[in-house]
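Trainee: Let me begin by handing over the structure; questions about it come next.
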Amino acid sequence: MIRLGGWCARRLCSAAVPAGRRGAAGGLGLAGGRALRVLVDMDGVLADFEGGFLRKFRARFPDQPFIALEDRRGFWVSEQYGRLRPGLSEKAISIWESKNFFFELEPLPGAVEAVKEMASLQNTDVFICTSPIKMFKYCPYEKYAWVEKYFGPDFLEQIVLTRDKTVVSADLLIDDRPDITGAEPTPSWEHVLFTACHNQHLQLQPPRRRLHSWADDWKAILDSKRPC
């Protein structure tokens, strides 16, 4: 059951409490070092944005051309649809601006289980870091509702809503967007590209690396950022 009435007044005023198991020093690991901080993107990493969009687009506009997932190229869905036919960009945007779009997205395979396990690791703080769309009538609320549905109410403290992820301090950012820019030219985090239909064809230059899916060895990526 979604219990969002309470947190609107209560949780947003409280300080975030990291999800990982901490030492007694409020964020320090058991050996006295700082906990590893991991940011996990939501759409395309936890929630199946691309699949959810395509299903709803085809249902609402059955007579319009569409782009199969294997043919998706580029992060911005609306741009590729706009090149396909005039007017399709606006139709695409109308899908994710609609009520319940974000809430009804299905989790990607293994995503919920992996992030719950990640958050339970010693000396590890996990935050869901997501950028709401500018048409904010439904999106921010539904993102919170989605997290509560799949991760439970306590994980609401672990959400970071921001249009600029470069200003958020962390060790790792797992995100499907290939190019993440903002006010901070040198973010503190390493960007690990999560493989999605729109970016799977890209060749990354070392030292950049991917997480191909939640069945991939995400623990090894985290361990590579921990002190020896």
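Backbone N, Cα and C define each Cβ position, glycine as well.
What you see is a predicted model, and the numbers here were worked out from it, not measured in a lab.
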Trainee: Please state which member of D176, D179, D216 Swiss-Prot lists alongside D41, D43 for binding Mg(2+).
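Mentor: Swiss-Prot lists D41, D43 binding Mg(2+), and from D176, D179, D216 it also lists D176.
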Trainee: Among the recorded positions D41, D43, D176, report those whose Cα falls within 10 Å of that of T130 (substrate binding site); none is a fine answer.
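Mentor: So the list reads D41, D43.
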Trainee: Determine the C-alpha span of the substrate site listed in the record, that is the greatest distance between any two of D43, F49, F75, W76, V77, W96, T130, K165, in Å to the nearest whole number.
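Mentor: Pairwise Cα check on D43, F49, F75, W76, V77, W96, T130, K165 gives a maximum of 21 Å.
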Trainee: Quick check on the binding-site residues: of F75, W96, whose CB has the lowest count of neighbouring CB atoms inside 10 Å?
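Mentor: Among the binding-site residues F75, W96, the sparsest Cβ neighbourhood within 10 Å belongs to F75.
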Trainee: When you measure from the Cβ of W76 (substrate binding site), how many other Cβ atoms are you left with inside 10 Å?
Mentor: 12
